[in-house]
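Peer 1: Grabbed the feature section from TrEMBL, which reads as follows:
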DOMAIN    74-251  domain 'SMP-LTD'
DOMAIN    242-369  domain 'C2'
DOMAIN    387-528  domain 'C2'
COMPBIAS  573-583  compositional bias 'Polar residues'
REGION    573-646  region 'Disordered'
COMPBIAS  599-612  compositional bias 'Basic and acidic residues'
COMPBIAS  613-623  compositional bias 'Polar residues'
DOMAIN    692-813  domain 'C2'
Amino acid sequence: RALLWLGPVYLAGYLGLSGSWVLLALALWLCWGLNRRGKRDRLAAAFALLEDEREAVCRGLAARHLPAWVHFPDVERVEWLNKVLVQAWPYFGTIMEKSFKEVLEPKIRAKSVHLKTCTFTKIHFGEKCPRINGIKAYTKEIDRRQVTLDLQICYIGDCEIHMDISKFNLGVKGVQLYGTLRVILEPLLTDAPFVGAVTLFFMQKPHLEINWAGMSNLLDIPGINVMSDSLIQDFIAARLVLPNRITVPLKKNMNIAHLRFPVPQGVIRVHLLEAENLVQKDNFLGAIRGKSDPYALVRVGTVQYRSKTVSRDLNPIWNETFEFVIHEVPGQDLEVDLYDEDPDKDDFMGSLLIGLVDVMNDRTVDEWFPLSKTTSGHLHLKLEWLSLVNNQEKLHEDKKGLSTAILIVYLDSAFNLPKNHFEYSNGECGAKKIKNNKYIKKMEREPSSFVLLTVGNKTQKSKTCNFSKDPTWGQAFTFFVHSAHSQSLHIEIKDKERDSALGTSVICLSHLLKDPNMTLDQRFQLDHSSSDSFIKMKLVLRALNVEEPDPQRVKAGVNASKPGPVHVMEKAGNQQKFSSPQVSKVPPMSKDSAALESLPKKDSGENLDTKDSSAASVPSETVSGLDEAEGKQNPEHGPPSALPSGAVAVPTLPVLQEMRVAPSVTSLGSLPSSCFELSSSNLDIHNGTEVPLGEIQLTVRYASIRQSLVVLVNGCRNLVPSSNRGVDPYVRIYLLPDRRWISRKKTSVKKKTLNPQYDEKFEFFESLENVKKRTLDIAVKNSRPFMSQERKELGKVRIDLSQEDLIKGFAQW
């Protein structure tokens with residue numbers, strides 16, 4: 001072993017190589033060993049989770065190891081199915097071992113002369129079988145003639161496969177695979193087998209990690225490992241990741257073409273506008289902080305675009321537009337990652353994940369989104385959902401140069417392709433090229449053809465069909481079209497072993513406009529090919545249309561509009577009635593305020609008061625009026641059903657029914673807090689005098705896109721001073737029962753004011769089901785000097801979220 005280690009060193013000296021080569025080899029070896037140890041550690045951690053999930057969770061494994069049902073309440077555990085897989089796995093392994101030997105091995109040998117010695121020496125699929133961590137079933141958002149399931153697949157296998165090629169041993173010893181596999185059962189039938197076909201595909205590229213063995217260990221060398229992993233993932237993506245899918249018919253004579261290549265559900269147009277308050281990543285000498293050079297990666301599925309880089313700016317403006325074809329909703333998400341461009345390695349600056357279901361329903365979302373996985377930063381996006389319609393009137397050219405339609409090409413097959421381009425060229429030209437028997441044999445082989453399809457400046461390539469004059473590709477492609485009246489589809493069929501084309505065709509898109517459905521399904525004659533050479537395709541043209549959203553629907557996105565009016569009650573004889581405070585003007589909302597506008601708009605005369613000066617006299621009169629009315633009306637009774645004319649009730653907002661004041665303002669200094677309980681049916685203020693403690697304006701709603709509870713603290717008014725020097729108020733927020741310090745949210749401090757205006761937004765990233773079980777605890781506090789005896793808490797309000805319609809949201813003083 002010592003000679004083996006010293007051999008390369010001696011060889012380097014004998015050949016007169018520089019010592020730096022030895023150091024480089026040593027560094028590569030160390031990195032290779034580090035990669036190998038990392039893989040083994042990750043595999044061991046995954047095995048530990050697989051062996052005892054409960055124990056692994058209790059030990060606090062990283063969140064990425066946890067099964068999906070822990071994070072998402074609508075994902076169900078299927079332990080019974082995992083038990084079935086455990087029982088059936090040995091038999092499945094036996095079938096796969098037989099398939100490797102009898103089917104895969106002959107195919108590998110036929111690929112190349114150098115692979116004729118390929119032999120599988122060991123095939124063992126191990127004891128560890130794939131596991132389904134959870135299943136999510138869709139019932140509402142899909143067609144009633146189908147069943148859609150999302151399977152959280154986790155395979156941590158101890159499989160061992162070895163193969164010998166020319167005395168070289170290659171192998172795999174352990175595989176990790178994580179991903180979301182969508183299974184669609186359609187169409188549902190009224191007779192056996194009750195399901196026409198099964199369609200399988202991954203929503204996004206699955207995470208794959210392979211523990212190599214034998215000579216394959218060289219693939220773990222730094223640089224090579226990244227390339228090899230990406231090649232394997234691209235190979236899987238080209239067959240099993242959207243828009244690619246596998247469809248297996250279960251019933252005879254079932255036409256599965258429309259199942260394998262369905263028309264996309266729509267197009268999402270992403271306007272990447274600007275960002276603000278991004279984190280500083282550049283630094284000099286490790287101490288001096290500089291500005292960053294941000295750029296954005298915008299991604300849907302396997303399609304990704306990169307924005308331009310804005311140099312030295314933490315508030316960059318891009319104003320770029322990207323378009324994505326959406327195949328599956330629900331399922332596909334919009335991902336945006338921000339990076340700081342550096343010469344060596346780009347630094348991560350934050351990310352954003354947006355579900356496209358709400359964008360599809362809202363049609364247009366123009367919003368500032370807070371970045372996650374970072375300390376600060378907001379991203380301004382405008383998202384437009386474009387429906388696909390076959391209305392030719394929508395095919396007008398866009399003045400901004402954006403797409404107006406998409407072309408869907410279903411590439412089926414070709415017939416009677418020439419073996420080479422000399423078959424249809426003149427004999428003299430062919431005679432000059434053909435010189436020896438070897439070349440003649442090569443020319444007489446059947447072509448291995450692929451297709452290049454081009455629209456505008458975008459070209460897409462099909463897979464290669466080897467050694468066939470009648471190739472069948474069976475693929476679908478989509479192109480964005482700017483002008484259907486002038487653009488054309490260019491088709492070129494090539495042989496992968498020769499540069500010459502086997503046939504071409506040019507199809508003007510204006511031909512599709514002659515058909516009412518803007519569809520052509522036929523054979524097309526190939527030019528520069530044999531006289532009987534054809535290509536079979538189906539072309540579908542669809543216009544892009546932004547539809548108006550349903551006016552009755554409350555938008556789920558956090559869009560920019562004003563909150564609805566706040567209604568309080570005033571005295572009317574022995575009854576209570578609703579009224580809106582009349583103000584002359586509503587101030588413009590801040591950006592954070594605008595982020596929560598999804599409340600419905602009412603009459604223009606009913607506006608929400610957010611000015612301190614104009615609202616100062618309203619609450620005092622209202623509270624005193626309510627206090628007088630309290631003795632005349634049973635507090636258990638709700639508001640009367642018949643409201644006076646001109647009064648508008650908002651059923652989604654909490655209703656003020658009852659108000660009581662407490663012993664004395666002077667005694668408040670000795671109280672630990674003044675606690676209000678707010679629910680959708682009552683507001684109890686437990687104090688005692690005729691003087692109220694003030695009010696706080698909150699806007700609360702659940703953002704479905706962000707999967708978070710959003711609380712906007714607008715401001716306070718008429719706070720009670722705790723000392724002669726004035727107060728410096730701020731607002732503290734807890735989502736009970738979580739009282740941890742790291743979970744606390746806190747506004748900025750406003751100096752010397754009893755009517756502070758904050759307009760600050762806070763988010764609690766919890767599922768809607770969990771939020772419904774929580775209570776929002778909000779306290780207004782005084783930022784007092786150290787060791788001061790002044791009262792710190794100015795008041796508190798608690799909101800029982802189980803009683804609120806958080807999707808619509810509410811705004812309340």
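From the backbone N, Cα and C atoms, a Cβ is placed for every residue, glycine too.
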Peer 1: Please give the average pLDDT for the domain 'C2' (387-528) in this predicted model.
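Peer 2: Residues in the domain 'C2' (387-528) carry a mean pLDDT of 81 in this prediction.
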Peer 1: With DSSP, how much of the domain 'C2' (242-369) is helix, how much strand and how much coil, in residues?
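Peer 2: Its residues fall into 11 helix, 63 strand, 54 coil.
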Peer 1: List the helix, strand and coil residue totals of the domain 'C2' (387-528) as derived from DSSP.
Peer 2: 27 helix, 60 strand, 55 coil
Peer 1: Taking DSSP states H, G and I as helix and E and B as strand, how many residues of the domain 'C2' (692-813) are helix, strand and coil?
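Peer 2: So the counts come to 10 helix, 57 strand, 55 coil.
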